[in-house]
Structure formats: C-alpha cells, structure tokens
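Asks: Pasting a structure here, questions to come.
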Amino acid sequence: MSDIKKVVLAYSGGLDTSVILKWLQDEYQCEVVTFTADIGQGEEVEPARQKAVSLGIKPENIFIEDLREEFVRDFVYPMFRANTIYEGEYLLGTSIARPLIAKRQIEIANQVGADAVSHGATGKGNDQVRFELGYYALKPDVKVIAPWREWDLLSREKLLAYAETHGIDISKKKNGGSPYSMDANLLHISYEGTVLEDPAQEPEEDMWLWSVSPENAPDQAEYVELEYRKGDIVAVNGQALSPAGVLTELNRLGNKHGIGRLDIVENRYVGMKSRGCYETPGGTIMLKAHRAIESITLDREVAHLKDELMPKYAQLIYTGYWWSPERAMLQQMIDASQATVNGWVRLKLYKGNVIVVGRESKTDSLFDPTIATFDEDGGAYNHADAAGFIRLNALRMRIAANARNKRG
C-alpha cells in the first residue's frame, strides 16, 4: 500500500492518460481526481468526463475547465511581449502551455486535499521537466507520480494491450487516426514521431491539419490591421477582441493563407535532438507585427537589450522555468518596456508570408520624419556633427592600428 491517498491527474481522456488513470488506481490504491484543461486544442473536452466516469471516477472528482482566456492573457501575451523564439525558429507553443496546467493542477490539489499530482509525459521528453518544475515551484512538498518512469508499458502495443485487458475504450485508436504524436492548443499544433524521426524525410501534406499549403493558399493577398495597447493586441481590423479572440481570429487568417508551418530539429533539455513539425499561424503573425510596432516605439538601446535578453527568456520557458525568480525578474523588465508600445500595424498575408506594410503610433512614436528625411530638414540634423562622432568611435581602432604598425 502506498502512503499516497489522493492524486490529481492531468487528464486528456486519450489512451495514455486513461491507462495512467487505471494504473494509478491499481498500483497506488489511491483516489484519483482528473483535471482536463481546455486551452484551445480544438477538440471536445467533455468526452473526458464520460471516460473518467466509466473508469470509476466520482463526478465531484472530475474537473474540466475552459482556460483559453487565461492561457492567452497570462502566458501567451507576456511571452510575445518579449518576441520570444527558441533556437531562432520555435515559438514555444507546447512549452508555454505547461505552466498553466501545472498551476491549475496544484490549485486543485490544494482544494481537494490531494497529496500527489501525476502527468502523462514520457521519460524522454521535455514535458516531464516542465510539469514537475512547476509543481515543485508552487507546492514544494508535493509528491509527483510519473508513470512513464515507473511502469513497463513502454510501447504503444503494450498500452493497447493493457487498455483491452482493463476494459478501457480504445475504439478511436483502433479505428485509425493520425499516426503522429500531436499536441495542440490555441497557439499551435505539433507533430512528432513515425516518419518524422528521419530528419531527411519530408512530411506528407496530409499531416498538416490546420493550414492550407502556401501553394494552395489564395492568389489574392489579404490585409489585416492590428491595434496594440502596452504591447498587447486589443483589436483586429477595428474590432475589439479578448486575448483568446485575437488569437482565434489570427489563426483563422493564418491558416487560410498557409502561414506558420515549421519543420525543425531542436535541442531538447534532456540532451537529445528531436525533429518536430509545427503550425503556429496566429503566433507567426503576432511576432512579425509586434516587432513592427516596437520598431517605432522603443528606444534603440531598449530594443537591443530586449533582443539580447530574449534567448535566455526563451530558454527558461522551453526548459520549464516559467515559475522561477529569474523569469519573473525578466518579465518585469520586458513588461516595463511595453508601456509605450501603442499604435497599429498593417500586414499583408500572402501564400505563407507575413509582410509589414504600415505601422503608426500617434502617442509614442520615436520616428521623426523631419530628422529621418532625405530631403532638406531645415537644420534639424547637423551633418557636421557626424565627423566628431565618427572620430571618437574610431579612436580605439586607430590606437590598435598604430600599435600593430609599431610591432611591424
């Protein structure tokens, strides 16, 4: 018998977590509470309730919650204020969802008096780290059960056999479905496994579930205008929208125009390289637009400092340190920089491309056309000042050149 009496399981209703649910009941002889988060994965979450009930979970121990607004408002938006991108390409769609799920799991554990939490992340991936760092940051004494590190069900065939033996409904899996390991939320959908494990193999077109291919996107470009307030999008084409509403609309536009597909090999935190394919249509549009509005509203040195800090900030999110003090410190700096990031950006969407065609800030623009003009500026900029500026900046290089010449 285990000393664990009650565990909160992050539960999707799929094969893996349904097997985990039954395994927890059998191996730990404990009460299981299920938590299913709707973060915009694009499929019904209510079936998870019926699945949990069929596996013996009491109705009062089933938590299904719509977290889409919180996800975008408190996690996606703060991340995009930093123009966050991991290893030059990845927009962190999976990584940024884990802190919210971990947070809510711990809150439910405190609410129901659970002494443990559990997840379905494998022992090879980053998600086990992300979930568990979150758990410990928010509840230091919590017990964590990671079945993939304990059991011997280390293949899909063994999971299916266990499910059949224990009466777990697997009809959806047996009747087909995608061969890929997928993860989806309002920001992105990811694909891993099977043929993608050969990084030289191009994925089949029918793998991509969200977007049309750029080749098949409309031949007519579409324009979209985004309004920013303190670094966050508050309206699309003049229509005020909630954070989740903004991302939903940008996903629609991006999918229509073949925007946001990505095929990369990334360096996992656990040490291996992994090939993944991603569709992040709305996020791709957001990143381009945010950099555009910052280009006229941020001081040069502030913008450059943000760019220097961004890789570290991205690494913290990718590796699971959202709840760390260093991420919180960086977030305060990033958020402070956004006070003047107000205005609008106009974009042209065309066959996989996001093209900035206009930006304006009536209140906070640092772009002064009277100084930047190539025409007569009426004395706003004194060309002669450049000579001293250049000589002073060249001084150290002139000294170094003189030293080299003396050495022969």
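A Cβ is built for glycine as well, from the same backbone N, Cα and C atoms used for every other residue.
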Asks: Looking at the ATP binding annotation from Swiss-Prot, with Ala10, Tyr11, Ser12, Gly13, Gly14, Leu15, Asp16, Thr17, Ser18, Gly120 already listed, which candidate in Ala37, Ala82, Ala97 is the matching residue?
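Replies: Matched candidate out of Ala37, Ala82, Ala97, per Swiss-Prot for ATP with Ala10, Tyr11, Ser12, Gly13, Gly14, Leu15, Asp16, Thr17, Ser18, Gly120: Ala37.
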Asks: Given Swiss-Prot annotates Tyr90, Ser95, Asn126, Arg130, Ser181, Glu266, Tyr278 as L-citrulline-binding, which of Ser190, Ser295 belongs to that site as well?
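Replies: Swiss-Prot names Ser190 for this L-citrulline site.
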Asks: Could you give the maximum C-alpha to C-alpha distance in Å for the residues Ala10, Tyr11, Ser12, Gly13, Gly14, Leu15, Asp16, Thr17, Ser18, Ala37, Gly120 that bind ATP per the record?
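Replies: Greatest Cα-Cα span of the listed binding residues: 16 Å.
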Asks: From the binding-site residues Ser12, Gly14, Asp16, Asp127, pick the residue whose C-alpha lies nearest to the C-alpha of Glu266 (L-citrulline binding site).
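Replies: That would be Asp127, the closest of Ser12, Gly14, Asp16, Asp127 to Glu266 (L-citrulline binding site).
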Asks: To the nearest whole angstrom, state the Cα distance for the pair Gly120 (ATP binding site) and Asp127 (L-aspartate binding site).
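Replies: Cα-Cα distance, Gly120 (ATP binding site) to Asp127 (L-aspartate binding site): 9 Å.
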Asks: Restricting to the chain of Asn126 (L-citrulline binding site) and a gap of 6 or more, list residues whose Cβ falls under 8 Å of its Cβ, or answer none.
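Replies: Correct list: Thr94, Ser95, Arg268, Tyr269, Val270, Tyr318, Thr319, Gly320.
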Asks: Using Cβ-Cβ distances, find the residues under 8 Å from Asp127 (L-aspartate binding site) that belong to the same chain and are at least 6 apart in sequence, listing them in sequence order.
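Replies: Long-range Cβ contacts: Thr94, Arg98, His119, Ala121.
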